Every structure is written in structure tokens, then in C-alpha cells.
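A.B. asks: This is the structure I want to talk about, given as C-alpha cells.
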Amino acid sequence: MRVVLGPMEGVLDHLMRQILTEINDYDLCVTEFVRVIDQVLPDHVFHRLCPELMQGSQTTSGVPVHVQLLGQEPHWMAENAIRAAELGARGIDLNFGCPAKMVNKSKGGAALLQHPELIHSVVKACRDAVPANIPVSAKIRLGWENPEDCFEIVDAIQSAGANELTVHARTKQGGYKASEIKWEYINKIRERFSIPLIANGEIWNFEDGQRCIETTGVDSLMVCRGAFNIPNLGNMVKHNHTPMVWSDVVDLLIYYSKFEMKGDKGLYYPNRVKQWFAYLRQSYPEANELFREIRTFNKAAPIVEHIQRYRDELQSRQSQVA
């Protein structure tokens with residue numbers, strides 16, 4: 001089985017990739033999207049979103065990182081794919097699945113699912129532009145509204161020469177509703193097409209992963225949101241590990257405080273750790289108590305101080321029980 005840590009715009013940056021690949025056996029990571037409009041972006045944009053380019057396009061633990069591009073103009077997508085490759089990208093991933101309204105309004109992401117011919121043009125332009133040894137992949141949803149549209153979309157991508165395709169098994173209109181997941185369509189795609197597939201959507205534990213593999217016939221899986229709910233989800237899905245216990249999550253939150261973004265004026269950790277709590281609270285009820293203590297702070301120092309104090313009290317309670 002292969003497990004990929006998927007992209008999450010505004011959430012899964014290089015620091016989170018570093019942390020999550022240190023504690024999980026992921027096979028691949030994909031960056032947040034590089035938004036392409038009508039120019040070749042300056043190098044600092046690629047390095048900001050993928051600083052791993054300066055260390056062999058891999059995380060510090062050695063997991064390959066592919067650069068994700070989002071746009072609808074074939075020429076400029078290809079030109080930026082070339083630049084990413086020149087900067088050392090191990091792979092180029094094309095985003096045709098982002099459901100965000102602002103992205104779709106500007107004709108990016110999932111909006112292109114309504115235009116398979118344009119998807120074909122973008123993929124072909126990028127595939128023709130970069131060296132053959134650099135894979136060009138794509139990520140889609142099943143369609144804008146009708147999942148039956150997936151076959152025309154996949155045909156457009158495969159015929160354009162893409163090396164791999166991730167399928168999020170919901171339509172754009174299906175959002176993130178569990179009831180809208182349609183893994184069976186990935187199986188239908190696998191039966192009709194030869195392009196290698198990665199299955200994505202509603203994989204929250206080992207059992208989900210196994211059911212997805214059984215339903216789709218695909219043994220490459222991508223996890224995204226769940227990786228923030230339970231930090232060791234990659235190992236749960238791949239190796240049937242038990243969920244990380246809450247005390248270890250607290251240690252991870254403290255470890256996260258050691259990272260800081262250059263030039264962010266000390267706001268990185270407070271903003272991102274609160275964002276992380278929004279996910280943790282869905283899987284760890286204990287997170288609610290700790291979040292209430294830190295939510296009004298906007299500096300890293302008092303947040304870390306409170307988390308450390310909470311950890312010490314937690315360890316004290318655990319030792320008394322033992």
C-alpha cells in the first residue's frame with residue numbers, strides 16, 4: 001500500500017509536512033497550490049510554498065514533495081511547470097479539484113471539471129513541457145455536479161499523457177459530506193482506463209482504507225483533513241497503528257512551537273496552532289479544554305506556556321492513576 005499526504009491550502013505548509021512526515025510513513029507529499037495566472041512566477045514564490053526544493057525536493061525525513069500548480073491557461077501552466085522543474089521539483093501536480101468558491105470564481109480548481117477539453121490542454125501542455133523523467137499528475141473530483149462526468153474528465157487527462165491521477169470520490173457540489181462519497185466510481189474508472197490512480201476521500205482509519213481499497217481496487221490512498229484530526233493517521237491507514245494518544249499530541253503541539261516562519265512577526269504559531277485545534281477537537285474531546293485556555297492569546301510564548309503547564313498537569317494526573 002502507498003499512502004500520500006495530500007495538499008490542503010492554507011493548512012498543510014512545509015512545516016506541517018516536516019512534522020507529519022517525521023511521525024508517519026508517508027510515500028509522497030504535495031504542496032499547497034501555486035496559483036498561476038498570466039506570468040512565470042518568481043523563484044521566491046516556489047521556494048515559499050516549497051522550500052523543500054532547496055533540499056532535493058524532499059522533507060527532512062526524506063519523503064518526496066511534488067509541486068502543485070493551479071490555473072487554467074495552458075501556456076502559463078506549462079511555463080511555470082518548467083520553472084518548478086528547473087528549481088528541482090520531483091513532480092508536478094495539477095489541481096482540478098479545489099472546491100473553494102474564490103478559486104472556482106476565478107475559473108480555477110474544480111471549475112475546470114465543467115471543461116474537460118481545457119483540462120486536456122493544460123495537462124498536455126505541462127506534460128509536453130517538462131522532462132519525461134518528471135511525473136505530471138492531476139487531482140480531480142468526480143465532476144461538478146454529476147459523477148458520471150468523471151469518465152470524460154479522466155479520458156481528457158489520460159489522453160493528454162498524465163502519469164498519475166488522484167480522484168476525490170465526490171463531486172464539487174458534494175462538498176465534504178460523508179454521504180456524498182462514491183468510491184465505486186473510482187473502481188469504474190480503474191476498469192475503463194489504464195492511468196495509475198490514487199483514491200481520496202473519507203479515509204479516517206485503517207478500516208476505511210481497507211474498505212476503500214476493496215471497493216476501488218486501488219492500493220494507493222491519499223489522506224488530507226484526517227491527517228490533522230489524528231496526527232499519525234498515515235501510520236494508522238498504512239500499518240494499522242492505534243491513534244496517537246492525547247498526551248503525545250500535546251507534546252507534538254509543543255514541538256510545533258519550535259518552528260517559526262521568517263518575516264511573519266511571530267504570528268505564525270498562534271494562528272496555525274489554533275487552526276490545528278479546529279481539527280484536533282473533532283477527534284480528541286480533551287482538546288476543547290486546552291483550546292479554551294489559549295484561544296484569546298495572539299503570541300506564541302503564552303500559548304506554549306499554557307500548553308506546557310497543561311502537559312505537566314496531565315503527566316501528574318497520569319502518574320497518580322498509575
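Just so you know, glycine gets a Cβ as well, placed from its N, Cα and C.
Annotations per Swiss-Prot:
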type: BINDING; residues: Pro7, Met8, Glu9, Gln68, Lys139, Asn200, Gly201, Glu202, Cys224, Arg225; note: FMN binding site
type: SITE; residues: Arg35; note: site 'Interacts with tRNA'
type: SITE; residues: Asn95; note: site 'Interacts with tRNA'
type: ACT_SITE; residues: Cys98; note: active site, proton donor
type: SITE; residues: Tyr176; note: site 'Interacts with tRNA'
type: SITE; residues: Arg272; note: site 'Interacts with tRNA'
type: SITE; residues: Lys274; note: site 'Interacts with tRNA'
type: SITE; residues: Tyr279; note: site 'Interacts with tRNA'
type: SITE; residues: Arg295; note: site 'Interacts with tRNA'
A.B. asks: What same-chain residues, at least 6 away in sequence, bring their CB to under 8 Å of the CB of Cys98 (active site, proton donor)?
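C.D. replies: Listed in sequence order, they are Glu9, Phe33, Leu70, Asn104, Gly108, Gly109, Ala110.
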A.B. asks: So if I draw a 10 Å sphere around the Cβ of Arg272 (site 'Interacts with tRNA'), how many other Cβ atoms end up inside it?
C.D. replies: 19
A.B. asks: Looking at FMN and its recorded binding residues Pro7, Met8, Glu9, Gln68, Lys139, Asn200, Gly201, Glu202, Cys224, Arg225, figure out the farthest C-alpha pair and report it in angstrom, whole number.
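C.D. replies: The two farthest binding residues have Cα atoms 22 Å apart.
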A.B. asks: Which residues does Gly201 (FMN binding site) neighbour through Cβ under 8 Å, counting only same-chain ones at least six apart?
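C.D. replies: In sequence order, His168, Ala169, Arg170, Ile181, Trp183 meet the Cβ cut-off.
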A.B. asks: Tell me, how many other CB atoms lie within 10 A of the CB of Arg295 (site 'Interacts with tRNA'), whichever protein chain they belong to?
C.D. replies: 12
A.B. asks: According to DSSP, which kind of secondary structure is Lys274 (site 'Interacts with tRNA') found in, if we only use helix, strand and coil?
C.D. replies: helix
A.B. asks: Can you give me the same-chain residues 6 or more apart in sequence from Lys274 (site 'Interacts with tRNA') with a CB-CB distance under 8 Å?
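C.D. replies: The list for Lys274 (site 'Interacts with tRNA') reads Phe291, Ile294, Arg295, given in order along the sequence.
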A.B. asks: What Cα-Cα separation, expressed in whole Å, is found between Arg272 (site 'Interacts with tRNA') and Pro7 (FMN binding site)?
C.D. replies: 16
A.B. asks: What is the interatomic distance between the Cα atoms of Pro7 (FMN binding site) and Arg35 (site 'Interacts with tRNA'), given in whole Å?
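C.D. replies: So the alpha carbons of Pro7 (FMN binding site) and Arg35 (site 'Interacts with tRNA') sit roughly 14 Å from each other.
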A.B. asks: Taking Cα atoms as reference points, which of the recorded positions Arg35, Lys139, Cys224, Tyr279 is nearest to Tyr176 (site 'Interacts with tRNA')?
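C.D. replies: Of all the candidates listed, Cys224 is nearest in space.
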A.B. asks: So which of the recorded positions is most packed in, judged by how many other Cβ atoms lie within 10 Å of its Cβ, out of Arg35, Lys139?
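C.D. replies: Most Cβ neighbours within 10 Å: Lys139.
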A.B. asks: Can you give me the Cα-Cα distance between Cys224 (FMN binding site) and Arg35 (site 'Interacts with tRNA') in Å, rounded to a whole number?
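C.D. replies: With distance taken Cα to Cα, Arg35 (site 'Interacts with tRNA') is 20 Å from Cys224 (FMN binding site).
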A.B. asks: Out of the recorded sites listed (Arg35, Asn95, Tyr279), which are within 10 Å of Lys139 (FMN binding site), Cα to Cα?
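C.D. replies: So far as Cα distances go, the recorded sites lying within 10 Å of Lys139 (FMN binding site) are Asn95.
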A.B. asks: Rounded to the nearest Å, what's the C-alpha distance separating Arg35 (site 'Interacts with tRNA') and Asn95 (site 'Interacts with tRNA')? Just drop the number here, would you?
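C.D. replies: Spelling it out, the Cα of Arg35 (site 'Interacts with tRNA') and the Cα of Asn95 (site 'Interacts with tRNA') are 10 Å apart.
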